[in-house]
Each structure stands twice: as structure tokens, then as C-alpha cells.
């Protein structure tokens, strides 16, 4: 149809325009005429598309090529590999946490500055969602995740080879910025391939990978960097090699899951095989403009933070996420000072955090079954406030675990007791973290990507800031009162899910600003 003709006309315009001089009035007229012809052809093409809906390429409900109709095995494989990719990105975030003292001594800087290696990476993740969410929606999930992931690996290699602290910090920030792609876009993959009734369980298993990354990174990092102060680079070499292996496997095994992009590919094949250029996909009619990028993908998440629902839910999720990274960077020091644990042994209590998170995931799966039943009884319509029930039942475990850890971190109490506290903390963390995400998705279904981007931004900022004061706080206040301070703040947030459970529906209905940003 018009694609080939329009392409030839555009070439004619460029060729003619390149030969035009101020004296060539006739040539200028020809350029104008050709440009008008192109515009007319383009308008004609759009009119033909509107008049020929039978040439719109879409998936049939039972089409086996539609990602949501894939076999369970293929869906599980994609969930696992995208989860492992996110694990690699999150693993990299904490891979330098165990070698902070080595980095500080090597570059002759303070421990706080060395802690920025972790904080700046997480801060980079904070800004990534606004950039890479639209990228994956234009070009597809696979390139939208793997290309930035490759660039993140390159920056990590740059960190490992750096000879100045400024170079280390700069490369760490950009490594985190590009690592945000799998963190933010992998959730979209799960939405592409799983039906709503199955999505909750798949999100729980995916979230396990998210938590496992920062939980196990300090342990592996300490094993690699215990020999000397220059061995801090080995943690980065290992993270680069691990993520490089993950990237190769992803490239070879993963398929595209974003339906609009798949429909575009189908339309192109039909145009070539039939010679009929009327075949098109809806996605081809959409282009990401600079205005849309600025007003929707950048501005809307920040605007949504001004609404009480997004603000308080993001605040709750961000606080517990900040606690996670404070635990990663500060608790090993607590075990060194109170129990004289060795360089590697002091990181092992992080396993307790993951065990607790695993139990929290089981609680979420159980709550998801109850939620699915209620939605079915409600005619398939979502009930966002019912997502609060799991948080109401188990959210209190977060401050409880903090208090147990804080007041049992003494050498006269067996080390297993504070580890139990960390596990309880992890269970409460996971139920809150997952519950907040589920609530935002259900409450802002159409604009859930913007709500999640707002949540990701705030939680990453908290995750970046908390490690900077954690060690200083425990040093000045002690583990008992430093931990208690965190516990009392967490205790003050326990009413949040109760408030939204009983009044959330009215808040959403009566707040005019929510209508403005959505």
C-alpha cells in the first residue's frame, strides 16, 4: 500500500532538497509539491486503515501464540528466567555491602562515603522506571529488559576497573539506573502471560527473587573479599560474570511477551506474504512523543504521590524496603560487635531474612486464594481494600521482629534468638511489601504502571538513604535503642492498612485529585 510508496517519496524529497539552492525556485516548488503528496498519501493511508477494520491484526481469544495462552511450562520458564534476571540486578545492588571497609581503606575515604557504593546503585534504580517502562512498551519486553541489563553489566565492569572513588560512585549509579529495567518491566511480563487468577501466586514467586538478591549478596561478597583489601573488586567481577551468564541464557531462551509488539510483527509478516499493505496492528498507530514522555511517564508518578492513597502506601512500602537494606549493611556489624563473629560468619544471619520472606510469601499465597474467591463473587471486579487483609494480619511482625533482634543482641543470649527476630522481621516485610504492590495495581488498574513507578521511586530512595545512617545510628544509640527507634516508627505505621481497609473506598471516591492524575 502506502508504506513503500511513501518511503520512495521521502527519498525523493531528501534527494531533491539536498540539491536545492536559493536560486532554484523551481526545485523548491517541486520539494513542496512532493511534501504535499507525501502528506496526502499518509492521510489516505490513515483513512483506509479506519475504513478497513477487517485488516486490523489481533489475537484470537484461543490463539496459541498469545502469551496468556502459552503452556504452563513455558509460562513458568519465563517467570523463572525474568525472576533470575531481577535477582541478578538486585544481587548487584548489595554486592559491595560486605566490603565497605576494604573500599574505604583502599581509597583512603570514610566508611560513609564507601557505603555510597550501595546507596547510589539503589538511587539509580529509583529513576529507572520512568525511563524504561515506556521503552519496553514501545520496543517490547525482551529488548526493554535485556539491552539496559547489558549496559548495567558494562558499568559494573567499569566499577571493578576503577582507580578512583569518584569513578566507582559514578559507575555504580549508572549500573543501578540501567538495572532498573528488569526490576520494573518484569512485572509487566507476568501480566502478559498469567491470567489475573494466577497472577498473584506468580508475583509471590517472582518477589522471592527480588528479596533473595540483597539477602545473599553480602554472604557471597564476603566469601570473595575476605583475603585482602584489594579483593573488593572480586565481588564485582563475580556479579558481572553471573549477570553475563544470565543475559546469555535470556537471549537464547526468552520470547517476546508483549502482545502489541507481537501483533505488530504478525502484521508485518502478513504485509510481506500477501502484498496487502492494509494489514496493520493497533500498536503501529501509536508513537511515544516527547510530550507524552514528559507528562505521563515522568510527571504522572510524581503527581500521584500527592494523593493520600499512593503517598501513604508508598511510604509504608518504602520504609520496610529501607529496613531491608539497613539490615543488609548494618546487621553484620552488630553481630561482629556483640558476638565477635568473623568476616564471613557475620553475614550468615541474612539467610534468616530470606527464610522469613519465604514464610511471608506463603501467607500472601493463602491470602491470594481468599481474594480470588471474593473477586469471583463480585462479578470479576477487583476489590483493592481486600488486599489489606494480609497486611493487617501479619504486618505487625515487622516491628515485632525488630524489637526481638534489638533486645536479644547480647553475648549472653544465643545467636539463634536474634536470627529468629530477623526471620520474623522478614515475614512481616514481605507481606507488607507485596500487599502494597497488589493494592496499587488494583486501585489504579489503568494507571498501575505510574502508581508502581511512584512506589519504586520512593522505596529506592529509602533503600539508598537508610544504609547511610544505619551504622552510625547503631554505633551512637547501640543495637538495643537504635533498633527500638526503627521498631517504634514501624509500629506507628501499623494502622495504615486498617485505615485503608475501612475507609479506602471512600477516599478513592471523594478525592478529586485522584481523578485529576488518572
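Cβ atoms are placed via backbone N, Cα and C, with glycine included.
What you are looking at is a predicted structure, and each value in this text was computed from that prediction instead of being measured.
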Under TrEMBL, the annotation region 'Disordered' belongs to which of these stretches: 1-28, 29-56?
1-28
Segment-segment contact (the transmembrane segment (113-132); the transmembrane segment (452-475)) at 3 or more Cβ pairs under 8 Å:
yes
Sequence-remote contacts (6 or more beyond its ends) of the transmembrane segment (144-161), Cβ cut-off under 8 Å?
82, 85, 88-89, 92, 117, 128, 132, 135-138, 167-168, 171-172, 174-182, 185-186, 189, 233, 236-237, 239-240, 243-244, 247, 250-251, 254
Candidate ranges 173-191, 302-328, 413-440 - greatest C-beta contact count to the transmembrane segment (481-503) (under 8 angstroms):
302-328
Close approaches to the transmembrane segment (203-224) from elsewhere in its chain (Cβ under 8 angstroms; 6 or more beyond its ends):
79, 82-84, 86-99, 183, 186-187, 190, 231, 234-235, 238-239, 324-325, 328, 332, 343-344, 346-348, 350-351, 353-354, 357-358, 361, 364-365, 368, 426, 430, 433-434, 437-438
